[in-house]
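Database features, via Swiss-Prot:
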- Asp23, Ser24, His25, Thr149, Ser150, Gly151, Glu152: 4-CDP-2-C-methyl-D-erythritol 2-phosphate binding site (BINDING)
- Asp23, His25, His60: divalent metal cation binding site (BINDING)
- Asn52: site 'Transition state stabilizer' (SITE)
- Ser150: site 'Transition state stabilizer' (SITE)
Amino acid sequence: MDAENDSPLPKPQWIYRVGIGQDSHRFLSESSAKPCILAGVIFENSPGFQANSDGDIVFHAICNAISSVTHRIILGEVADELFHTRGITDSSVYLSEAIKSLKSNQMISHVAITIEGNRPKFLPKLSAMRQSIASALNIPLGSVGITATSGEGLSDFGCGDGVQCFCVLTVAEYCN
């Protein structure tokens, strides 16, 4: 008996797995030319993040949430290898690798994102961010939820030193 997958309960046609992911990065100096990218969307008038990659904390948090379901570490393993061997810094490539780690009978059915940071101003770009996430994950726009908070100065993120993101996603898995 495989303790991880066997259960005395009847096997349902669909099971649902929930993944959670987090990521955060500190801003570079204001004089940095590196763009600030969140969910694949460029935020003008804000410096980029201290990171080997483009620092897209939203895509990174989604990668980590997928990894919590698939048990394949993308950030820290796959992404590091892509960076060190091929110079790839685009977080959408890392997210594609995370999606490929899902089994053929698994699909992402919903994702919820929450972002904390005093800057940049998220509200004007939340719609574009939702669309970018839906496109990257190949799910309907209605299956993407996103919220943002300034943090009210209560943490380093709320004081404007960086940005933090949490992601919860649901993976539907078809059982034969």
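Glycine is no exception: its Cβ is also placed from the backbone N, Cα and C atoms.
Annotated pair Ser150 (4-CDP-2-C-methyl-D-erythritol 2-phosphate binding site) and His60 (divalent metal cation binding site), C-alpha to C-alpha distance, rounded: 20 Å. Within the same chain, residues at least six positions away from Glu152 (4-CDP-2-C-methyl-D-erythritol 2-phosphate binding site) with a Cβ under 8 Å of its Cβ are Gly158.
Fewest other C-beta atoms within 10 angstroms, among the binding-site residues His25, His60, are seen around His25. Among the recorded positions Asp23, Asn52, Thr149, the residue whose Cα lies closest in space to that of His60 (divalent metal cation binding site) is Asp23. Other residues of the chain with a Cβ within 8 Å of the Cβ centroid of Asp23, His25, His60, the divalent metal cation site, are Ser24, Phe49, Ala51, Gly55, Asp56, Ile57, Val58, Ala61, Leu75, Cys165. Counting other Cβ atoms within 10 Å of each Cβ, the recorded positions Ser24, Asn52, Thr149, Ser150 show the lowest value at Asn52.
Taken residue by residue with DSSP, Gly151 (4-CDP-2-C-methyl-D-erythritol 2-phosphate binding site) is part of a helix.
In the three-state DSSP assignment, the secondary structure recorded for Asn52 (site 'Transition state stabilizer') is coil. Working note on the binding-site residues Asp23, Gly151: by count of other C-beta atoms within 10 Å of each C-beta, Asp23 ranks first. Each residue contributes its Cα atom, and for Thr149 (4-CDP-2-C-methyl-D-erythritol 2-phosphate binding site) and Asn52 (site 'Transition state stabilizer') those atoms are 26 Å apart.
It is 13 Å from the Cα atom of Ser24 (4-CDP-2-C-methyl-D-erythritol 2-phosphate binding site) to that of Asn52 (site 'Transition state stabilizer').
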